[in-house]
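This report refers to the structure that appears directly beneath it.
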Amino acid sequence: MKKYTDINDLENISKTIQEAIQLKKNPYVFENLGKHKTLVMLFFNSSLRTRLSTEKAAKHLGMQVMTLNVNDAWNIEFEDGTIMNLDKSEHVKEAAQVISQYADIIALRAFPTLTDKEKDTSEIVLKSFEKFATVPIINMESATAHPLQALADAITIEELKTKKRPKVVLSWAPHPKALPHAVANSFVNMMQEIDVDFSITHPKGYELNSEVTKNTSINYNQEEALKDADFVYVKNWSNYTDYGKVSNQDTHWMMTKKKLGNAKFMHCLPVRRNIVVEDAVLDSENSVVIQQANNRTFSAQIVLKKILENL
Amino acid sequence: MKKYTDINDLENISKTIQEAIQLKKNPYVFENLGKHKTLVMLFFNSSLRTRLSTEKAAKHLGMQVMTLNVNDAWNIEFEDGTIMNLDKSEHVKEAAQVISQYADIIALRAFPTLTDKEKDTSEIVLKSFEKFATVPIINMESATAHPLQALADAITIEELKTKKRPKVVLSWAPHPKALPHAVANSFVNMMQEIDVDFSITHPKGYELNSEVTKNTSINYNQEEALKDADFVYVKNWSNYTDYGKVSNQDTHWMMTKKKLGNAKFMHCLPVRRNIVVEDAVLDSENSVVIQQANNRTFSAQIVLKKILENL
Amino acid sequence: MKKYTDINDLENISKTIQEAIQLKKNPYVFENLGKHKTLVMLFFNSSLRTRLSTEKAAKHLGMQVMTLNVNDAWNIEFEDGTIMNLDKSEHVKEAAQVISQYADIIALRAFPTLTDKEKDTSEIVLKSFEKFATVPIINMESATAHPLQALADAITIEELKTKKRPKVVLSWAPHPKALPHAVANSFVNMMQEIDVDFSITHPKGYELNSEVTKNTSINYNQEEALKDADFVYVKNWSNYTDYGKVSNQDTHWMMTKKKLGNAKFMHCLPVRRNIVVEDAVLDSENSVVIQQANNRTFSAQIVLKKILENL
């Protein structure tokens, strides 16, 4: 593997999932693989799970980890040909090349603006680092994708499924703040690739990018959509058409124990209780969010492992 | 040992002190004990000594250390049953369970509000992590206790005492800002447990929580209290009755070389010179504050060691 | 070597440069030298290259690294005899002594005020740590010097020179913000020590401290100065006489491909494109800024190695 910027970089998803499940049993077995190798983690945005799980994954593989909150250092310019006389003190051309010399792998988090659709869609931060860095890039959540999360989600479904082809539903939830589409996008991509009966439910007008959803079934009736589901992935995203707007906060879309039935409840966390999902769900045995978060370590680790093997 | 949230978690204080003094002679002797074990340090508040000494202690034991400034990541909700539609994006129930999966031990710093006495007394942050985490918790200074400091203080007294039962006085000092009671509380607790002649001196009205001081002698006359002291621990705390208020800045309570006499001067640091204590004391051989700070490494290390042995 | 606060601490510069070039070929060969040794990096100011390269250098030598953004912890008092009743909560006397107990080497970054010439020239932060710390100090850029950068620059020139005594020119460039003199000062110092034909060009009135430039040739005519240069080091600094002022932003001083000719282009980074230097230079093969940044790792490593050998 040469990079992991979206789930298409995985050559064989089901094999990768099985390998991650194996790693989990004995996390330090490949501890020599990362010896004398350095992971540099660059955060343009804050992080809890991603920071800790990715660092832990790297250390399982014996890597050294250096972390930089980019905004504490410099403002980086991404546009080509600019006269840099304002607040940006370094161009990504230099930044990416320089950091590549201190790193064997660069992992990067850069959220969308949610105000400039074109800029977000172009993935200017991620793509610029991909272009100018001379080492492999891992996406720790970009403007439009969160492939480490999606891989952790797929691992969780594989571990917990009780039938060959479980029914999985992605169900939109209300939220007071405008949130990115990255988690939803990558989850949709992943579900399209693995053997599940997958559909999406959300209020009319809340369609994700159609280039992502493709021919995935969308149902505006949540109750109908959730019927006989085995896994329900609940997630808010802001409006994609009316870009970045919170045009619906309809509390009826909150996930409840009643709606969930016997399905497993999934969420990438952090989650707002009694807004996105009621306490009764999160505090029940049907919630698998903690296991999902644990699988973040192993999705990062299998990705790092495959990249290290290819260095 | 299963946790270290206050000094009552120490099973045998004098034995622990001796073991810490032994560790100091050869800090890396148990380097294999922490192999493949991870300490996650969570800071809700800033730190210099605690951060560096605790990380150093963990590395002496061969542990991996991951540090998170919590407020850089998320605002955490601690109340039960809240509708999380404001600024808190994650509940401690999830946060503590998730971080437990990336950690073998969690160390935590969370200062009091000094405005909400009930909330501070309930130790909501520390207790919530203790409740929901699935790994041992170490208190790196909470609303009401700083047990790593108190253990370092006891180690320092043990190293320096020249008589079997030295006289130790805790002497209040003025300070321009409202400071917590944690250091004073844990020091009082510790002195009640070890073989010293202990008393407290402070201005009238500056009584600490009586559930902490119990039957410890309190003297409002500083000069009288300090007479023939072997160790004088100087520390400001804000008013406990008129909670969190700076109701006294009487400079006469500052520690001076004259008042100190031949006693050793102790303070947890950071200390404001010529407010809490005059230069002449800190710059004299009677000051043992640097040695105290060094012992922070070994108080943390003996605690980590005992918890690791019990994992 | 007992410290590295300026380039005069190097006992034999050309030998040191050769040793750094050797280290680069096999960075981990002295991995046992730093075993059980800790580097504490203190940042009073932000950093990208210095933070990553110095940490990497230390890990090449097997050291443990702890990093502290000082301003996140406490405000430190540097003046002697102050009554500390304002915003400073700890005196450097305590801070330096305490941190020395957690560190085998302390590396420090502290930029100038650029408003108080006397204070900056006295190097109060660096000198105070040097005075009160009980372990060796490394300067990661102080008010007036950046000796790790200057050593990396000298390594780069040595690697790339095609004649015994190359012509090296330091050429001032415009910049919208007031920048320190540290990089320029240390580069001048270094060029005075190694076998190069060195001169400086800058607008009249932009003279560096004459105690630094000594008898180095200064030419106010940039075109004339650059003639037949082998290496051109471009750097902005604010006015030294009219201290810290941006009294000239003359865009004619920007480095261009035409002016540069066949010379190698050097800069310490970060660099503002099309202000300090035009895109055409940075994107050409004549630019060696990325190699310079890489050599930061090896300048730090040879310095750490020499200090470790002397502990």
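Here, residue 1 is simply the first one shown, and the rest follow in order.
The backbone N, Cα and C atoms fix where each Cβ goes, glycine too.
Sequence annotations record features per position, and here TrEMBL assigns carbamoyl phosphate binding site to C:Ser47, C:Leu48, C:Arg49, C:Thr50, C:Trp74, C:Arg109, C:His146, C:Pro147, C:Leu148, C:Gln149, C:Cys268, C:Leu269, C:Arg296. According to TrEMBL, the N(2)-succinyl-L-ornithine binding site annotation covers C:Glu141, C:His175, C:Lys235, C:Arg272. Per TrEMBL, the feature domain 'Aspartate/ornithine carbamoyltransferase carbamoyl-P binding' maps to C:5-159. For C:183-304, the entry in TrEMBL reads domain 'Aspartate/ornithine carbamoyltransferase Asp/Orn-binding'.
Taking the features listed in TrEMBL, we show where each one sits on the structure.
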residue: C:Ser47; record: carbamoyl phosphate binding site; Cβ neighbours (10 Å): 21
residue: C:Arg49; record: carbamoyl phosphate binding site; Cβ neighbours (10 Å): 27
residue: C:Trp74; record: carbamoyl phosphate binding site; Cβ neighbours (10 Å): 19
residue: C:Glu141; record: N(2)-succinyl-L-ornithine binding site; Cβ neighbours (10 Å): 26
residue: C:His146; record: carbamoyl phosphate binding site; Cβ neighbours (10 Å): 26
residue: C:Leu148; record: carbamoyl phosphate binding site; Cβ neighbours (10 Å): 28
residue: C:His175; record: N(2)-succinyl-L-ornithine binding site; Cβ neighbours (10 Å): 23
residue: C:Cys268; record: carbamoyl phosphate binding site; Cβ neighbours (10 Å): 25
residue: C:Arg272; record: N(2)-succinyl-L-ornithine binding site; Cβ neighbours (10 Å): 24
residue: C:Arg296; record: carbamoyl phosphate binding site; Cβ neighbours (10 Å): 28
Among the carbamoyl phosphate-binding set C:Ser47, C:Leu48, C:Arg49, C:Thr50, C:Trp74, C:Arg109, C:His146, C:Pro147, C:Leu148, C:Gln149, C:Cys268, C:Leu269, C:Arg296, as the record gives it, the longest Cα-Cα distance in Å: 30
Secondary structure at C:Arg49 (carbamoyl phosphate binding site), reduced by DSSP to three states: helix
C:Lys235 (N(2)-succinyl-L-ornithine binding site): tally of other CB atoms within 10 A of its CB: 20
Which binding-site residues sit within 10 Å of C:Lys235 (N(2)-succinyl-L-ornithine binding site) - Cα, from C:Ser47, C:Arg49, C:His146, C:Leu148, C:Cys268, C:Arg296: C:Cys268
Secondary structure composition of the domain 'Aspartate/ornithine carbamoyltransferase Asp/Orn-binding' (C:183-304) [DSSP: H/G/I, E/B, coil]: 47 helix, 20 strand, 55 coil
Binding-site residues, contacting chain A; criterion Cβ under 8 Å; candidates C:Ser47, C:Arg49, C:Cys268, C:Arg272, C:Arg296: C:Ser47, C:Arg49, C:Arg272
Sites among the binding-site residues C:Arg49, C:Trp74, C:Arg272, C:Arg296 close to chain B [C-beta, under 8 Å]: C:Trp74
Cα-nearest neighbour of C:Arg49 (carbamoyl phosphate binding site) within the listed binding-site residues, C:Glu141, C:His175, C:Arg272: C:Glu141
Candidate nearest C:Ser47 (carbamoyl phosphate binding site) in space, where candidates are the binding-site residues C:Glu141, C:His175, C:Arg272 and distance is Cα-Cα: C:Glu141
Whole-number Å value for how far C:His175 (N(2)-succinyl-L-ornithine binding site) lies from C:His146 (carbamoyl phosphate binding site) (Cα to Cα): 19
Spatial neighbour of C:His175 (N(2)-succinyl-L-ornithine binding site) that is closest, considering only the binding-site residues C:Trp74, C:Leu148, C:Cys268, C:Arg296 and their CA atoms: C:Cys268
Spatial neighbour of C:Glu141 (N(2)-succinyl-L-ornithine binding site) that is closest, considering only the binding-site residues C:Trp74, C:Leu148, C:Cys268, C:Arg296 and their CA atoms: C:Leu148
The domain 'Aspartate/ornithine carbamoyltransferase carbamoyl-P binding' (C:5-159) [mean pLDDT, rounded to integer]: 96
C:Leu148 (carbamoyl phosphate binding site) to C:Arg272 (N(2)-succinyl-L-ornithine binding site) - Cα separation in whole Å: 21
Pairwise Cα distance for C:Arg272 (N(2)-succinyl-L-ornithine binding site)/C:Arg296 (carbamoyl phosphate binding site) [Å, integer]: 20
